[in-house]
Amino acid sequence: MNLTDSDMDLVLNVADQYVLTPYVYPSSWPEEGALRQIITLLVVTNLGAAVLYLGLGWLSYQFIFDHNLMKHPQFLKNQVRREIKYAMTSLPIISIPTVALFFFEVRGYSKLYDNVEESTMGWPFLLFSMISFLLFTDGCIYWIHRFLHHKRIYKHFHKPHHVWKIPTPFASHAFHPLDGFLQGLPYHIYPFLFPLHKVLYLALYIFVNIWTVSIHDGDYRVPGPLQEVVNGAAHHTDHHLFFDVNYGQYFTLWDRIGGSYRNPSVLEGNGPLDCIRRLMAEGKISSSEDNADTNGYANSGTKSKEQ
C-alpha cells in the first residue's frame, strides 16, 4: 500500500515532521515503516494519555473538586494517591490494543479524512459528525458499561473502578485495563464505520477525556433545563454509590430506555455533601478535618449493594 501524507494520522504526521525525523529516528528509517509507526504511536499515545489524565485531573482537583467530599465516610484513606497509581498502571496496558486501532487508522483503513472538501456535505457534515459521534458512543458505552456490571463479569474487571464510592477527578481513568479499553472502544470504532474529519476526531478525543474527568469531579451543578437530559457528575456519583443506576456517558436517554435511570440524590437533598453536613451537625465528624486520611470515620460507611 503506497501511503501519502494525507494517509498519515494528524498527530503522527506532526510528530514526524517536527520532532521524530530530525531528532529521534535516522533518516534511513522511512516514516511510513510499520515498525516505526507502531513504536511512535505507543510513545505518543502513552505520553498523550498521561498528560491529559494528570493535567486535566490536577486542574479539576485543584479548582473544581469540592475537597469537603474527602470528609465523607466512604472516602478511602490515601484515595487520591491510590486512584493515580491505579490509573497510571492501567493506561500503558490499555494503550497496546488502542495503538493497534490507531495503526489501522494511520494505514488508511478508516474513514478519516483531511479536508472538508472531501465530504459531499461539506461543513454541515462536521456538525452532523459531532452529534452522531456523541450519540453513537453514548449508546454503545451504555450497553458495554451495563454488560460490565453483569454478576459474572463485574468482579473480574469493573469492580476496581467502584472501589471509589466518592470519586475524585483522578478516579476518571482508574480502570482495570480491559474495562478501560472496552469503554473506550466505541470512540475508535466510529471512524471505521462513518466518515470523520481528522481534526474533529482529535478534538472529540480531547473532549471525551475532559468529560470523563468532569463526571468524577464532584461538581454537581447542572443548568436546570439540562438536568433531565445530561448525565453529569451528580448522576455518575449515584452510579458509584448505588451501583446499578445511571450507566450513561453523556446523556440520560439510554438509562431511561433501559430502566436504570435514577434522579440524582444530590437534587433531592440526600447527596454526599448533605451526608457530610448531617454528620457534622451530629458531631460525628469535625468541620476542621481536611480529608478522610485524618478522619477516623473514613472507612465505617454503610456497605453498598455490590458489597
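Numbers run from 1 along the shown chain.
Note that Cβ sites are derived from N, Cα and C of the backbone, with glycine treated the same way.
Note that TrEMBL annotation is computational and uncurated.
Here the structure is a predicted model, which means the values were calculated and not measured.
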Annotated range (TrEMBL: transmembrane segment) out of 86-104, 200-218: 86-104
Integer average pLDDT (0 to 100) for the domain 'Fatty acid hydroxylase' (131-259): 95
